[in-house]
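S.K.: I have a structure here, written as structure tokens, and I will follow up with some questions on it.
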Ligand code: SAM
Ligand code: SF4
């Protein structure tokens with residue numbers, strides 16, 4: 001086994017796999033309302049190819065956590081089967097998905113039975129009309145039902161990811177937290193990042209972690225959680241003395257690149273060593289040309305070695321990646 005180590009000594013053990021760039025929502029901070037081309041079907045990895053690459057990562061490269069994302073992973077037809085096959089790998093990995101929750105009501109049981117450990121569900125507001133404004137779809141109730149089904153199926157702890165947008169839901173942090181606390185979901189706020197397809201992000205208008213803390217402080221007593229943060233991106237706080245917690249992922253204003261342990265595989269089989277990387281390494285081409293597992297692992301090691309020290313969002317020369325979050329895999 002050779003770990004995925006970069007030239008700064010960081011070791012990637014957490015693999016994010018995008019299973020599709022397609023989605024049934026159109027969140028304004030992620031996708032344009034219309035007009036985003038999907039990957040052609042033949043470019044997308046097949047179920048067998050996805051499982052083969054994950055197997056290489058787990059058996060040869062020390063990956064210990066696999067998270068399926070997208071686009072919306074629940075729209076990938078083979079998802080339950082992929083989960084079952086990855087669950088069977090040795091050594092065993094921690095297995096989760098990040099989802100918008102639509103379709104979970106139907107699929108949570110099958111996913112749990114196939115061996116999924118946990119879900120993260122994205123929900124930015126608990127007001128149905130604001131949900132529709134952000135996602136451009138009227139599906140709030142589906143998400144609420146999906147969350148309840150995940151709980152019922154034992155996919156715990158259930159984490160909720162929330163993004164605050166200026167002038168849309170920027171005043172709703174306490175209300176979202178209260179809603180999650182009432183249901184036992186662990187809420188984490190994510191600072192909006194420059195990863196939208198339409199390049200509409202602005203540092204001047206984004207809602208910062210400081211602003212989120214200021215809002216929460218008015219209604220809750222937050223104390224830093226005692227456990228060390230390690231490579232986890234969320235800064236965790238006990239709410240009103242605990243045990244409930246809230247997290248803030250301040251990717252922009254308090255970057256945690258120095259502790260990053262992630263690596264990404266896109267739905268078309270490209271390794272990305274960072275969300276913000278400007279380059280990708282093609283594993284699909286090698287795989288389809290008949291590369292052995294050892295050769296695929298070697299390519300993956302080379303791709304990781306070149307990981308940059310940080311995302312450089314504050315650097316004047318920063319350039320947003322060519323592909324949006326929905327194609328990279330959030
Ligand atoms: N469709 C699934 C979902 O929404 O959870 C998985 C993919 S989505 C790209 C993964 C996560 O990225 C979501 O929690 C979403 O809120 C977040 N996200 C998307 N665009 C973002 C952006 N520009 N800044 C910060 N987070 C973003
Ligand atoms: Fe779809 Fe997730 Fe992007 Fe929203 S954030 S458009 S749910 S991929």
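Sequential numbering from 1, following the chain as shown.
Heads up, the Cβ atoms here are built off N, Cα and C, so glycines get one too.
Keep in mind that TrEMBL annotations are predicted by a computer and have not been checked by a curator.
I grabbed these lines from TrEMBL:
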- 16, 67, 98, 159, 262, 263, 264: GTP binding site (BINDING)
- 23, 27, 30: [4Fe-4S] cluster 1 binding site (BINDING)
- 29, 71, 122, 193: S-adenosyl-L-methionine binding site (BINDING)
- 257, 260, 274: [4Fe-4S] cluster 2 binding site (BINDING)
- 7-225: domain 'Radical SAM core' (DOMAIN)
S.K.: Do me a favour and check the Cα-Cα span between residue 23 ([4Fe-4S] cluster 1 binding site) and residue 71 (S-adenosyl-L-methionine binding site); whole Å is fine.
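M.R.: Cα of residue 23 ([4Fe-4S] cluster 1 binding site) to Cα of residue 71 (S-adenosyl-L-methionine binding site) measures 5 Å after rounding.
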S.K.: Rounded to the nearest Å, what's the C-alpha distance separating residue 122 (S-adenosyl-L-methionine binding site) and residue 27 ([4Fe-4S] cluster 1 binding site)? Just drop the number here, would you?
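M.R.: Spelling it out, the Cα of residue 122 (S-adenosyl-L-methionine binding site) and the Cα of residue 27 ([4Fe-4S] cluster 1 binding site) are 10 Å apart.
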S.K.: Looking only at C-alpha atoms, tell me how far residue 263 (GTP binding site) is from residue 27 ([4Fe-4S] cluster 1 binding site), rounded to the nearest Å.
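M.R.: One finds 24 Å between the Cα atoms of these residues.
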S.K.: Which binding-site residues from the set 30, 98, 257, 260 come near ligand 2, judged by a Cβ under 6 Å from any of its atoms?
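M.R.: 30, by Cβ distance under 6 Å.
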S.K.: Can you give the mean pLDDT for the domain 'Radical SAM core' (7-225), rounded to a whole number?
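M.R.: Summarising the domain 'Radical SAM core' (7-225) by its mean pLDDT gives 96.
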S.K.: So if I measure Cβ to Cβ from residue 16 (GTP binding site) and keep only same-chain residues at least 6 apart in sequence, which ones fall under 8 Å?
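M.R.: Result: 67, 69, 262, 263, 264, 265, 329, 330.
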S.K.: Hey, for the [4Fe-4S] cluster 1 site built from 23, 27, 30, who else sits with CB inside 8 A of the CB center?
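M.R.: For the [4Fe-4S] cluster 1 site, the extra neighbours are 25, 26, 29, 31, 72, 100, 135, 325, 326.
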S.K.: Name the residues of the same chain, 6+ apart in sequence, whose Cβ is under 8 Å from the Cβ of residue 274 ([4Fe-4S] cluster 2 binding site)?
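M.R.: 257, 260, 262, 264, 307, 308, 311 - these are the non-local Cβ neighbours of residue 274 ([4Fe-4S] cluster 2 binding site), listed in sequence order.
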S.K.: Would you mind sorting out which binding-site residues among 16, 30, 159, 257, 260 put a C-beta under 6 angstroms from ligand 1?
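M.R.: Among 16, 30, 159, 257, 260, near ligand 1: 30.
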S.K.: Mind giving me a neighbour count for residue 71 (S-adenosyl-L-methionine binding site)? Other Cβ atoms within 10 Å of its Cβ, every protein chain shown.
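M.R.: The answer is 27 other Cβ atoms.
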S.K.: Could you state, as a whole number of Å, the largest distance between Cα atoms of any two of 29, 71, 122, 193, the listed S-adenosyl-L-methionine binders?
M.R.: 16
S.K.: Does DSSP give residue 257 ([4Fe-4S] cluster 2 binding site) helix, strand or coil?
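M.R.: Reduced to three states, the DSSP call for residue 257 ([4Fe-4S] cluster 2 binding site) is helix.
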S.K.: Neighbour count, 10 Å Cβ-Cβ cut-off, for residue 98 (GTP binding site): what number do you get?
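M.R.: For residue 98 (GTP binding site), the 10 Å Cβ neighbour count is 21.
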S.K.: Counting across all protein chains shown, how many other Cβ atoms sit within 10 Å of the Cβ of residue 263 (GTP binding site)?
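M.R.: Result for residue 263 (GTP binding site): 25 other Cβ atoms within 10 Å.
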